[in-house]
């Protein structure tokens, strides 16, 4: 009774007001799984293709009717009757139907919508939570949230080069308390920014987006907020960055426009090293550009023993690219984004590779999100230990935190909030 009897896709809006794909999968037993696909702003060049209509007369060319049609007219007829309990088989069928390396024929947004909706339908049919369906009986670790409370780069209309300034409430005794600590710090930061006459408008991921004197000033404001909220920087709450360095990599150099600096790879690593020393940073994501593998190797060798070095654009959740990165000593952690690779199965394969290779995993949202909470369940399902899902504002971000609170409640004494940040 877990066979697919109907598949329906539609065009909806994401958190930026841009179209995205939503898919319903209906099973013979009568249950329905629904999923909405996220979209990124700063994207890796080797991500699976997000199909857009390129029709300037609709949504400024960003419509997704072609992807919707590919679900309804191409994918659906081929998977009617397919058993959703065979997620790997379903995903492989769609990958084979597409026949391209980057899912450019059908669109990763079309394929992923079906993949996620099918997983959710199968969980409903089994009358178990999604995290249990994906992760089995061992799914029990709640993730430490990486909360993006100051936005810059491609995520905000301000002068900060670094894209995300995050807090990690790893000193909390539970996920619920971690969310509380993060919210208190977020609201304290808002009061501080207001007092200083700075903007408290928020960026794509719900963090504040003020114009500041430097990237370092953003860190200093966050430290002040942590302390004024009653917590200890580096003890109760840590700090992490997503540099998104590919966005300011120009002609082989790194250009900090806000500070009038042009840096080599080595000089940029020197800069990060000074930040780690002065501010006790715990994690830096995409510290170098995705094509600067020599710089990545240097940063990993110099800072990898004292810092989580997360690869996002450099790996794009792709098991083949990630495998090469592991062999060449690139980073020690991987960011996991479902829509970078385009199926649930391939995402799980990449996570398994990370675990087997001693890399940490961080489950992540995209800057263009919806109310869908799939990644919250995924983080618990794979015992990732960390999740990146934005700030403590905007319902598209808060929805994931609320789902994690529900999961923690459901797990009860069986749930674990990590004592070691980098599980």
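Including glycine, each Cβ sits where the backbone N, Cα and C put it.
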Binding-site annotation, Swiss-Prot, (2R)-2-phosphoglycerate: partner of 163, 366, 367, 388 in 124, 194, 195, 337: 337
Further Mg(2+) ligand in Swiss-Prot, beside 285, 312, within candidate set 242, 270, 320, 349: 242
Candidate recorded positions 205, 242, 285, 337, pick with smallest Cα gap to residue 367 ((2R)-2-phosphoglycerate binding site): 205
Inter-residue Cα distance where the pair is residue 337 (active site, proton acceptor) and residue 285 (Mg(2+) binding site), in Å: 13
Any further residue of that chain within 8 Å (Cβ to the Cβ centroid of 242, 285, 312) of the recorded Mg(2+) site: 163, 164, 241, 243, 244, 284, 286, 310, 311, 313, 335, 364, 388
